[in-house]
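Scroll down for the structure; my scribbles are underneath it.
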Amino acid sequence: MSPDPKYSAYLLDIEGTLCPLSFVKDTLYPFFVLHVQRIVYENFNEEHPKDEFIAEQLAKYDIKEEGQAGKNKLVEHLLDLVANDTKDSTLKALQGHVWEVGYNSGELEVPLYPDVIDFLVRNDGRGDDKVPVYIYSSGSIHAQKLLFGHVKNSGNSHAKIAGNWDLNRFIDGYFDINTAGKKTESNSYKKILDEIKMTDKPHDVLFLSDNAKELDAAKECGISVGLAMRAGNVTVPNAIDYKQYFQFTKL
């Protein structure tokens with residue numbers, strides 16, 4: 001594959017693009033599920049909740065039942081949202097808050113693809129030619145920053161210190177469903193273009209994702225797109241219709 005033309009900005013998806021889809025589905029989601037009952041029992045409809053933020057988020061759900069029945073109903077509802085991978089902003093806020101506990105305890109470490117780390121470091125070293133990197137995920141911005149702040153050090157050549165890496169300094173901005181909207185809607189990408197001041201030259205923005213519906217929504221706004229082809233990703237029947245990226249070595 002020949003080198004890409006010079007873009008003025010990169011907009012990147014996370015799961016299935018920057019890290020394995022399995023990390024989200026098999027590690028992050030189960031970690032949250034493990035704690036759902038506890039956070040509901042300790043904070044929902046409690047006069048003195050253990051965590052005010054969680055209590056505020058849980059109160060947004062319209063649960064008619066009272067007492068223990070209400071708590072059980074909310075637990076069931078949250079588990080259904082997770083099972084269906086529902087893009088619910090309140091759920092995403094709760095997940096990020098719970099994951100923070102796992103990141104801080106060392107239970108959660110992010111297996112970012114090595115070529116992604118190489119790209120971020122290489123791009124940062126371009127000086128005045130550095131291309132801004134933005135992240136767009138359904139996960140909350142809080143969760144995004146946690147993810148980039150706890151990248152597993154797996155012996156990459158750029159490793160300078162032991163333990164997890166904080167790569168947030170390589171990221172120029174973050175977008176989620178609260179700040180931009182759903183990733184399958186073109187208006188969301190219009191908001192992002194406006195925010196990063198690229199409305200007049202959308203083709204100079206490259207959006208990479210493993211989801212064809214997201215790519216199509218971005219294309220409607222004139223954004224250049226590429227399909228992330230990572231092992232374990234869901235097969236895209238019309239993958240041939242998109243420029244395919246197996247690694248970030250050409251960015």
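Sequential numbering from 1, following the chain as shown.
Placed from the backbone N, Cα and C atoms, the Cβ positions cover glycine too.
These figures come from a predicted structure and were not determined experimentally.
Positions annotated as Mg(2+) binding site by Swiss-Prot: D13, E15, D210. D210 (Mg(2+) binding site) falls outside any helix or strand according to DSSP and counts as coil. Long-range Cβ proximity for D210 (Mg(2+) binding site), meaning a same-chain Cβ under 8 A and a gap of 6 or more residues, is found for D13, E15, G16, T17, L21, L227, A228, M229, R230, N233, V234, V236.
Annotated substrate binding site per Swiss-Prot: S137, S138, K183, in sequence order, evidence recorded as sequence analysis. S138 (substrate binding site) falls outside any helix or strand according to DSSP and counts as coil. Counting only same-chain residues at least 6 apart in sequence, those with a Cβ under 8 Å from the Cβ of S138 (substrate binding site) are K87, K92, D176, I177, K182, K183.
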Query raised in the report: Relative to the mean position of the Cβ atoms of D13, E15, D210, the recorded Mg(2+) site, which additional same-chain residues have Cβ within 8 Å?
Result: I14, G16, T17, L18, L21, S137, S209, N211, A228, N233
Report task. Would you list the other residues of this chain near substrate - those whose C-beta lies within 8 angstroms of the C-beta centroid of S137, S138, K183 - in sequence order? Result -> D13, I14, K87, Y136, G139, D176, I177, K182, E214
Requested in this report: Mind checking which of D13, E15 has the fewest other CB atoms within 10 A of its CB? They're the binding-site residues.
Outcome: D13
Report summary line: Pairwise CA distances across S137, S138, K183 (listed as binding substrate) top out, in Å, at 8
